[in-house]
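Novice: Heads up, here are the entries from TrEMBL:
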TRANSMEM  A:6-27  transmembrane segment
TRANSMEM  A:34-54  transmembrane segment
TRANSMEM  A:60-82  transmembrane segment
TRANSMEM  A:94-114  transmembrane segment
TRANSMEM  A:134-158  transmembrane segment
TRANSMEM  A:184-209  transmembrane segment
TRANSMEM  A:221-244  transmembrane segment
TRANSMEM  A:256-275  transmembrane segment
Amino acid sequence: MSTFYFLTLNGLTMAALLFIMASGLTLAFGLMRVVNLAHGAFYLLGGYFGVQVIHGTDSLTLGLLAGGGIALVGGLLMERFLLQRVRGLDLSEALLTIAVGLIIADALLVVYGGQPVTLPLTRQLRAPVDLGVMMYPFFRVLIMVFAVLLGVALWLVMTYTRIGAAIRAGVDDRETAMAQGINVPLLFGGVFAVASFLAGISGVIGTSYMALNQGLDVRVLMLSLVVIIIGGMGSLKGAAVGALITGMVSSFATGYLPQFALFFLFLPMTLILVFRPQGLFGRAT
Amino acid sequence: MKREHLLIILILAALVAWPLLMGDYAVSQANRAMIYALAALSFSLLAGRLGWFSLCQTTFAGISGYTIAILGVRFGLPFPLVILLALLFTTLSAVIFGLLTLRSRQVSFLMLTLALGQMVWALSFQWVDVTGGYNGIAGVRMPVYGGLDLNDTHVFYGLIATVTVAIFLAVWRLYRSPFGLLLLGIQENEQRMRALGHPVYLARFTAFVLAGVIAGVAGVFLVYDMGIMSPSPLGLGHAVWVLTAAVLGGYRSLLGPALGVAVLIALETLVAQYTDRHMMVIGLVLLLSILLMPRGLADVFEQHFKRKSKPQASVTTTTRGKEP
Amino acid sequence: MKYAKKLIIGGMSAMSLGATVHLQADDTIRVGVIGPTTGVFSFFGEQQRMGVELAKEELAERLAELNLEVEFYDSQGDAETTVDRLRAMESRDDIDLVVGPVLGGTGLAGLEWAKSSGMPMVISYSAPEDITMRDRTENVVRAGWTGAQPMFAFGEYVAKELGHKRIVMVGQDYSFPYNQAGGFMKTFCRAGGESVERIWHPTGTSDYSSILATLPDGDAVLYNGAGSDGLAFFQQYHDFGIDARMPLLGGSNFFAVGNLPEMGERAIGGLSALQYAEGLETDTFLAFRDAFMAMHGEEVVPLAPAEHGYVAFKMAVNAFESANGDDRDAVIAALRETEMPDAPRGPFHLDEYGNPVQNIYVNEVQEVDGRLVNVPIETYENVSQFGPFDAEEYLAGDPDSRDFPPSDCSDPYYD
């Protein structure tokens, strides 16, 4: 039985990380039909920079903020100076993000080299805590708690604030929202910045147990895409459910059939594409 | 004589002259250029006609290459048969991918093809018993027919050039056929085409499979050119490279993709003397192409030419439709 | 449409420009060094390049005598690019000998090309055993190792010296770890081991928690892999406290010096085996290390890829000297006779298949002057790529794979 709990907790940890990665991406896509394919590169950027700051200051909080912050700045600059030039041409925007992703990843290779990097965590954070069913490392519990808090916060903002209402209106019908006086481009800039921030911060969080290295950007991007394809592009609820499915399937597959882990990772996505192409919570186009 | 016929003759003359005038390395470079021109053509067929940007065309080339490597080297099937089977298997994969992506469009199509392509890449990496994993499968060679070694750079050049020219001519016809015009119409206004009673889904699906087959042909040459099949041609890097070449050259025109590939290879060769940052160079080329000349080099030159002479029908069937 | 013609011709002549400027036939000897100096694996290519640069400086006089020049090429860690660069070396740049490639896959691609080209090639760090075994070719020799080679010694050491009977091996699912596992098991089982249970995971796995959750019991765990996968495994192995239950042993690259600062003091005492150790104390090694660090900076520790590049280049220069020029057959013959009594890693000579017969060190991670380094605690001399086995018999057997050799040491295969 303890193996079952162990695998479940592992799946939940991964789901939590996936949700942090994918939630911003899916919101930005929902609002403006723009997918940030530099998402993985922002993960790397945030991760490398955050770890560097933690080494320099010994403060985890500062590192998290720095990692999220630098990705936020990157995202804002990209949005302001590149994406806005081709606004409305969804594919051009997507292609621009690919180009920016390539440039950032290569620049990171120059700055940080090709050696893998891990996050220096204190003993207290790494130590296991008793969860009732089993002992589990404290920082992994924190990742789950953070993801839940983030999900609740995003849900509250989306449901009960004026900004949230404006975002929902923009997601539903961009033109009408604009006609009602909602500044959708500005709103989008904000959502895009938050999405970039989350990519950067997940870079720092993920590095607590997955070593950061070159090439991880593509894998992170791929995982995020899988999550939002399963959940439905543009849906926050979808991102949460997609992350849960992907995390759980991946954990149990890795536990019992590690050789085929990747196959099982893609299986839910393929099934969804066959039976419900718009994703679990996506709207049919 | 029509201008486009003159152009065809000039291109053919250049293709014949190239191996006679140039050294071995330039010929092998031209071989690679033609292989990638086919891949970029496959990409452009979807991007230019339908507005569908695919990141899995190199995946089809990879599937084709792996089929040849596995059946040829592992199972020892004879040379012409493996090529047939490779194309067959690529078609089959294109049918499956086509069905999976049929209902998506624009950005979601891009994301889906990215995810599907990366899935196959991951498979090629991990299904070690079949694909040889990271190390790949070595020893993929063409046969020697009575003293004619098909692996010889110049002979190989002849093969690729013939097939490439044939495919480009066929696609040229296709662009001007009712089917080609239907695809453009779908890109303009899908609803209207459907209302007019055109089989929109079938047309899109057919175009996707055709593009897959062209990429499959590129894959056949790719694997024989390298002599080894490994996962790297299926990686995201190659897919983005092909995309960049097509955008640079102009994916709406017939010759744009070939032009883009030639320029990008020349540029890489040039830049490699000064810097190791080739990924950054590809990223910058893509970025600048989209911002400064979204219709690509082919269009830039066509505009330049048109200002000098009266407009005429041209090989480069461009549309004045929406940008991507 | 003339623009298109102009462009095509323009583009082609731009390419041909690149193709013609270099072609010079003269009495200069040219050595081309190829490795991944960009991309994910650039660390290895950079190490090789730095090793060759050191050798170049040390041999400056002899190079001038030979009129020998060196050119560096970037393989980008990609098989296709490797083949393209090799073609450029041969038909554009008039290269007489190739040092490299560095990685497994590019090594095999290079071998494939070398077979049809006939170019003398000294493979440096690339370790697929078939390069000097089942696919060997006259003109290709190796300055480095095969995956199984150091593990022959390690398997024996773990069984005899550590007394472990049952090993749980978690590894990256591809041919290099298969080969490492094969070498390990073939000697481990014959030296008193009982079983080796293998768990393979996809390369690039970053979350090992579920593998650790279902980890079977054994006397020790051996992580058969390296790089960021290895680092993540190490981290999570300790997070879940499994180190208290079973000690963690490493494949040859697991405790690589680049990862040691990230692993921290928990790595101390970690055991692995390689034909190299940055903690060697021999005079030749210390001279090499000091010169290397003086040239490339105090922070840049030379690792096996650097030493192998350094040695491969020296082998090439020796061969040109004894062949008295760049005559291909003479150079190849000289290469195959290579003896390196004073290589930094220790003396070695090539076996008749073209792979070094050399020392294998069992290394322990120790803290020396505030730095974590691999210090040799046991030396196995004259280990060949066939380990203790007969070459012909070894070659007649199956190549190592995911489930070969058998897990159970009582299997008749081991009799």
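Cβ coordinates are placed from backbone N, Cα and C, and glycine is handled just like the others.
For each feature listed, report its degree of burial, its nearest neighbours and the pertinent distances within the displayed model.
Specialist: Within the chain, the transmembrane segment (A:6-27) has long-range Cβ neighbours (under 8 A, six or more residues past its boundaries) at 35-36, 39, 43, 131, 134, 136, 140, 143-144, 146-148, 150-151, 154, 167, 191, 194-199, 201-202, 205-206, 220, 223-224, 227-228, 231, 233-236, 238-240, 242-244, 246-252, 255.
Away from its own ends, the transmembrane segment (A:34-54) comes close to residues 21, 25, 28, 60, 62-64, 66-68, 70-71, 74-75, 78, 83, 90, 93-94, 97-98, 100-102, 104-105, 108, 111-112, 117-120, 188, 192, 195-196, 199-204, 206-207, 212, 214, 216-222, 224, 233 of its chain (Cβ-Cβ under 8 Å, at least six residues beyond either end).
Counting only same-chain residues 6+ beyond the ends of the transmembrane segment (A:94-114), those with a CB under 8 A from a CB of the stretch are 34-42, 44-45, 48, 52, 74, 78, 82-83, 86, 213-214, 217, 221.
Within the same chain, residues 2, 5-6, 9, 12-13, 15-17, 19-20, 23, 27, 121, 124-128, 164, 167-168, 198, 205, 208-209, 236, 240 sit at least 6 positions outside the transmembrane segment (A:134-158) and bring their C-beta atoms closer than 8 Å to a C-beta of that stretch.
Cβ atoms under 8 Å from those of the transmembrane segment (A:221-244) belong to residues 11-12, 15-16, 18-19, 21-23, 25-27, 29-31, 35, 37, 39-40, 101, 151, 154-155, 158, 171, 265-266, 268-269, 272-273, 278-283 of the same chain, restricted to positions at least 6 beyond its ends.
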Novice: Who are the chain neighbours of the transmembrane segment (A:184-209) in space, where the CB to CB distance is under 8 Å and they lie at least 6 residues beyond its ends?
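Specialist: Distant contacts of the transmembrane segment (A:184-209): 17, 20-21, 23-25, 27-28, 31-32, 34, 36, 39, 42-51, 54, 63-64, 67-72, 74-76, 79-80, 83-84, 87, 117-119, 121, 139-140, 143, 146, 150, 163, 166-167, 170, 174, 177-178, 220.
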Novice: Taking a Cβ cut-off under 8 Å, which residues six or more beyond the ends of the transmembrane segment (A:256-275) line up next to it in the same chain?
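Specialist: For the transmembrane segment (A:256-275), the far contacts come to 223, 226, 229-230, 245-246, 249-250.
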